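Below you'll find the structure, written out as structure tokens, and then a few comments.
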Amino acid sequence: MRGGTGKGIHFSKLYSFSCFRSKFEDEHGQLGQRGYSRIVYCNDPDNPEAVQLKYRGNYVSTTKYTALNFIPKSLFEQFRRVANLYFLVVACVSFSPLAPYTAVSVLAPLLVVIGATMAKEGVEDWRRRKQDIEANNRKVEVYGKKAFNETRWKNLRVGDLVKIYKDEYFPADLLLLSSSYEDGICYVETMNLDGETNLKLKHALDETASLRDVSSFQNFKSTINCEDPNERLYSFVGTLYYGGQQHPLSLQQILLRDSKLRNTDYIYGVVVFTGHDTKVMQNATDPPSKRSKIERRMDKIIYILFSTLILISFTGSMFFGVETKNDIRVGELKRWYLRPDKTTVFFDPKRASLAAFFHFLTGLMLYGYLIPISLYVSIEVVKVLQSIFINQDQDMYYEETDKPARARTSNLNEELGQVDTILSDKTGTLTCNSMEFVKCSIAGVAYGRGMTEVERALAKRKRSRAHEVTDSSSDLPECDDHVVDSGKPVKGFNFRDERIMNGNWVNEPHSDLIQKFFRVLAICHTAIPDVRKESGEISYEAESPDEAAFVIAARELGFEFFERTQTSISLHELDHESGRKVNRSYTLLHVLEFSSARKRMSVIVKTVENQLLLLCKGADSVMFERLSKDGRLFLAKSMDHLNKYAEAGLRTLVVAYRELSDQEYKSWEEEFLQAKTSVSAARDALIDAACDKIERDLILLGVTAVEDKLQKGVPECIDKLSKAGIKIWVLTGDKMETAINIGYACSLLTKGMKQIVITLDSPDISDLEKQGDKESIQKASRESIAKQIGEAKAQIIARKESSVTFGLIIDGMSLDFALAKSLESSFLEVAVNCASVICCRSSPKQKARVTKLVKVGTGKTTLAIGDGANDVGMLQEADIGVGISGVEGMQAVMSSDFAIAQFRFLERLLLVHGHWCYRRITMMICYFFYKNITFGFTLFWFEAHASFSGQPAYNDWYMSFYNVFFTSLPVIALGVFDQDVSARLCLKHPLLYQEGVQNILFTWHRILGWMLNGVISSMIIFFFITNSTISQAFRRDGHLVDYEVLGVTMYTCVVWAVNCQMALSINYFTWIQHFFIWGSIAFWYTFLVIYGALPPKVSTTAYQVFVEACAPSPFYWLATLLVVVSMLLPYFAYRSFQTRFKPMYHDIIQRRRSEGSEADVSAELPARVKEKIGHLKERLKHRES
Amino acid sequence: SRFTQQELPAWKPILTPGWVIAVFVLIGITFIPIGLASLFASERVVEIVDRYDDGCFFLNTNQSLLLDYIRNPKSNKTCTRSLTSPLFSVLSNLTTFIFQVPKKMRSPIYIYYQLGNFYQNHRRYVKSRSDKQLRSRKGEDEIKDCQPIARSGEKPIVPCGLIAWSLFNDTYAFSSKNKALTVDKKDIAWKSDKEHKFGSDVYPKNFQSDGLIGGGKLNHSIPLSEQEDLMVWMRTAALPTFRKLYGKITVDLEANEAITVVIQNNYNTYEFGGEKKLVLSTTSWIGGKNNFLGIAYLCVGGICLFLAINFILMYIFRP
């Protein structure tokens, strides 16, 4: 169905080029057909026909489960995990006689584990549900019985007539009928939909715009015929049947759910789509689920364990089969005490191979303890707790906006410790995204003396290079406090030049141009003034911070914009002659809106003197070519200034104007209006074409420069991150010069770095562009890029030996070619060999593609950080997406995995939390396998001495509590609290981070080492215990070690050893660790006493065994001590020799900390440490190449 | 708070050379005395072990004759052995030899029988019992776990199951200087077994009454709670070679004292090739005679000292 509509629209688009009328007919002609069948009876939801249609209500549920399906659905989710499924099968089979232990003892831990996970799911879903309830119960006014009555959102029906007030959210997708404005317009903020904070204008049909009071709705009846619910946010096809006529409807009349009414007192609308039919809900897709590398490797380990499990079960069943077969030989019973002549199939010597097969299944269950059942759930619990700590971190809390860091997904915590490449957005991420007007160039004269951040950073760099020792610490003013002499600081304005401030511009040589320049700034915008009644102060609500900066600048310089009506803009102006403030009003004729394709905006106004003016501002690339011959008077100088500004890291715009003659305007207006009223998809193209016609022959006025300030601490943070060996790529939409300068300012690029620039900005290609032959341009561009990449490669290879680092700068156009299949790999090769990469002029899609290239091409972990809706693709593509919860809406945050308020918090997030989480999780996983292998293999050794009959060495309940009570809590404590080095030291030694990037804590030999340690431990336990108790009495009263006592003794050793091993492998003991580790051991004894005191029916082989048999025997305690110490000995010896003679980086730091020489580390590194660091760096380099 | 900022006061031990050496040396100097002490205790234990399964027949008797003999309830299985060491096995049917106790054995002297290659820990075997039935008369019919030794005809067997059915039934009679030594068979089972696991109102019923006769029979007029041999037997052993307590001799045996044992060699271990041994042993605080624990302690302690020395040397030569 969807395919069908898509095709229809596609065809219609082809038509619309030739004739837009036919387009209208065409698309609207589809109404009533498939995909376009929706009928809405406006203001008449009780109409029997409407009821018959059974459209969904406005009740919205975003929960994963409902009360009914929670149990089955969440269970299904749980058992999609291999390990859980395995345990389920085991639990089921354990009801059969195959099972080596009772069914309950298997089921209980499984239930605990599954229950815990389900509870977690449930709580999460409950939160979502609470949000839903909140949304569903919001109030809205609905028309009924001649008046508007309040009702809840969820009760809205299709066809209801609603009234929405200012700053309220729309409860459903509505058709705009009329608004508080006479012409039926309203402003809408769509931040929740697309992240754009600017206000969008919606326009009611003229026919309905007059319905503005309650009484007029009494007889309002109409029907809407429109498309079916779909996810396309930017199109709508429908017809309104009203008053016997058909009126085409477009997106202009549709108000989408989750957007907000702004700057309009109220609107009336008809509900068209409700609940899950609304476009925003149709758009809601589950974000791609990400899994960390560690977890993926963990799966492999689980598979290894599964194979081990199968292998040892198989071995066991082979032996079992042989021994069982031997039980009857030539009619003679051998082990007569087993009655092999009267047996079940499981032990039948005559069917030994079948018995062996069944025994294989038994073995799978018995050795199932190799698979840590609680691993998944423990890891999940740990990660949630880790995220809570991340959220709670005071050092990542931004007071100004009251925003803490937020880990939105918890399953990527350890991935934070392995980031190899950061891909960062620039605006709003590295910079504040609060624009300040700092400079301008009018009529070829540069104004503005303020020093920009970038300039200061560059100056600082130069200075510190000159006299490195003397004043490297001299305090340079920070982001916010350098407004010095202008009395009171004005937000968004940092312009100082006495030549034109305070009205002095009148005396400048080109004062008329200066006046025009600021008039353009004051008029050509879409901002809305907000006059505060008490103080008379004016603040502006603008589409973009740039625009606000312009209006503020104009205000500060005497062109105060104070009122906007539908048709006019009014300014307080300084009169040229009299020097007094006068009100001046401009009739606003048309606004030619800004779009990223047009890169400019214009307004057409009529002055009081009846002069028609087109005022225009836009990007240099589009503006300079639109200048008239006379308008190029100051072109050279202005361009010079513009380049200087760009170099200083400023955002520039060109300001121009043009006078229009009445006649020209009239003829153009006709065309423009026609384009504007068309309702086809090509409408935008038509409007653009019309605009293009009038925005010509402009006269240059000047150039503005707005500073986007660097965020606090960005250079330091980037410096730290690159010291940690993390590569940083900046993907920005800015001009190359700006990007490069920002690069310098935030120490991405350094003076010693060799720059490689890949660009299409070469003379021969621009020549070709003028000829306009697309194909040859393509070809030439591709060749040029290929050549440049080749050269870069050669350059890098040539200097590989020397310590020169490279910085790669590439622009958007070139990137397109570089990302093509053929060049992709060589581009990547060049890029990864550069210390930093800057991609300028890149589109959101390119950002995502670059991210993917890096992720797939290098196989390393990538982290994308951004703040705007244009970064969403990148954030979702990267292994980790970090959203900056800043100015540009919540879209990036919503699709991110972590959200922080400032870029500089990234340092702490990665170097501290990332490192910790990585270390914790890896240690936890290794340890988990260790403890389960230790336990599982003792069972196996015992089997070997029980003719592989499948008898477990321990009581059922000891076994089932092993993973749940005796050993799990210390691991969780390890996963949540362990720190190898403190946060301060993590930050001080950024190189420590490489442990995660190179994944040296989770290499296969480390994992296998732990596993081997587990096997050795199990051997020590089993063979020491059996050999030291073999057949002799173990107490003074002559009693012997039997099955029960042996089980308890071995189990005691296991519990002790596993917990002590934990104590040995962590080096951070708070009371929590002490409590959990020693508590677990104590709990084992407590359990033994309590369980042993229960009646023998329940406790079976554990009855009184500790109190009566083991505790009074010195032998029991001595054996425990011996086994525990000898089990810990291999690891302890390894660690003590390794830390001393072959230390890892964290060992070095730890040692230095304890030696107290931390204070003056950098001054004097011990030779071996230096060597180690050198070694690490070497490996880093090696890895990169 | 300091908790949420992960700044709780913490003890952060690291493996400094001082610590490492201290730990190794500490382990060394505690383990070696413990090892010596337990070795000493084990050495003090006097133990006499006599394998008699092969000694009670002609060595060259062929297998089938032997099996016929052991299965025939009527054949005379009395076997007289003299205990001493070194072990000396000869044909000794109905003959008395005099051998000597090697060292003075103080009472109580525990008498054990040791079986080899007998899988009391086999899953089928371990499970084949009914604790409910053993506990009280009411549980008489709880025999579902006891297959295949559950019923005799239609009547339930008490005690049921393979374990009870295969009860060990060799008997030993000891004499010294032609005077019988009394064997005290009281208190050889765990107290908890007597009081809580085996009921005083449960009497053996239909036990070994028909079909294949496994091991020993029980006196039907004595309640299970007083059948200590059965209790000992039913505490299954952990490993295929195991000892079980048979009784105690409550008088001291002097060095060089001659002991004569008359064995009723009833129990069939010949079919699966299991050894049978008679063990007389005294105990010390560590239990019976086994040097392993002491030696292991000495080894671990030694290794630790060795590591400590190594570490010190490496520390000196490769700081």
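Cβ coordinates come from backbone N, Cα and C, glycine included.
Because TrEMBL annotations are produced automatically, they should be read as predictions rather than curated entries.
Small disclaimer: the values here were computed from a predicted structure and weren't measured.
Noted in TrEMBL for the protein shown:
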{"type": "DOMAIN", "residues": "A:40-104", "note": "domain 'P-type ATPase N-terminal'"}
{"type": "TRANSMEM", "residues": "A:106-123", "note": "transmembrane segment"}
{"type": "TRANSMEM", "residues": "A:301-322", "note": "transmembrane segment"}
{"type": "TRANSMEM", "residues": "A:356-377", "note": "transmembrane segment"}
{"type": "BINDING", "residues": "A:Asp425, A:Thr427, A:Asp867, A:Asp871", "note": "Mg(2+) binding site"}
{"type": "ACT_SITE", "residues": "A:Asp425", "note": "active site, 4-aspartylphosphate intermediate"}
{"type": "BINDING", "residues": "A:Asp425, A:Lys426, A:Thr427, A:Glu547, A:Phe594, A:Lys617, A:Arg651, A:Thr732, A:Gly733, A:Asp734, A:Arg841, A:Lys847, A:Asn870, A:Asp871", "note": "ATP binding site"}
{"type": "DOMAIN", "residues": "A:893-1143", "note": "domain 'P-type ATPase C-terminal'"}
{"type": "TRANSMEM", "residues": "A:921-942", "note": "transmembrane segment"}
{"type": "TRANSMEM", "residues": "A:957-977", "note": "transmembrane segment"}
{"type": "TRANSMEM", "residues": "A:1007-1025", "note": "transmembrane segment"}
{"type": "TRANSMEM", "residues": "A:1045-1068", "note": "transmembrane segment"}
{"type": "TRANSMEM", "residues": "A:1075-1094", "note": "transmembrane segment"}
{"type": "TRANSMEM", "residues": "A:1114-1134", "note": "transmembrane segment"}
* Taking the transmembrane segment (A:1114-1134) as reference, which of A:301-322, A:957-977, A:1007-1025, A:1045-1068, A:1075-1094 has the most Cβ pairs under 8 angstroms? -> A:1045-1068
* Is the transmembrane segment (A:1007-1025) in contact with the transmembrane segment (A:356-377), using three or more Cβ pairs under 8 angstroms as the rule and ignoring pairs under 6 apart in sequence? -> no
* To do: Could you tell me whether the transmembrane segment (A:957-977) and the transmembrane segment (A:106-123) are in contact, taking contact to mean 3+ Cβ pairs under 8 Å with a sequence separation of 6 or more?
  => yes
* Structure fact -> Its residues classified by DSSP, the domain 'P-type ATPase N-terminal' (A:40-104) shows 29 helix, 3 strand, 33 coil
* **Distance from A:Asp425 (Mg(2+) binding site) back to A:Arg841 (ATP binding site), taken between C-alpha atoms, in Å** => 11
* Asked: Fewest neighbouring Cβ atoms within 10 Å: which of the binding-site residues A:Asp425, A:Asp867, A:Asp871?
  -> A:Asp425
* Report, in whole Å, the straight Cα-to-Cα distance of A:Thr427 (Mg(2+) binding site) from A:Gly733 (ATP binding site). => 8
* Asked: Under DSSP, is A:Gly733 (ATP binding site) helix, strand or coil?
  -> coil
* **binding-site residues near A:Asp425 (Mg(2+) binding site) (Cα-Cα within 10 Å), from A:Phe594, A:Arg651, A:Asn870** => A:Asn870
* To do: Within 10 Å of the Cβ of A:Phe594 (ATP binding site), how many other Cβ atoms can you find? Include all protein chains, please.
  => 21
* Separation of alpha carbons, A:Asp871 (Mg(2+) binding site) and A:Arg651 (ATP binding site) (Å) -> 20
* Record lists A:Asp425, A:Lys426, A:Thr427, A:Glu547, A:Phe594, A:Lys617, A:Arg651, A:Thr732, A:Gly733, A:Asp734, A:Arg841, A:Lys847, A:Asn870, A:Asp871 as binding ATP; longest Cα-Cα distance in Å? -> 27
* Three-class DSSP secondary structure - A:Phe594 (ATP binding site) -> coil
* Relative to the Cβ position of A:Asn870 (ATP binding site), how many further Cβ atoms are located within 10 Å? -> 26
* Please report the DSSP secondary structure of A:Thr427 (Mg(2+) binding site), reduced to three states. => coil
* Asked: Between A:Thr427 (Mg(2+) binding site) and A:Asn870 (ATP binding site), how far is it from one CA atom to the other, in Å?
  -> 11
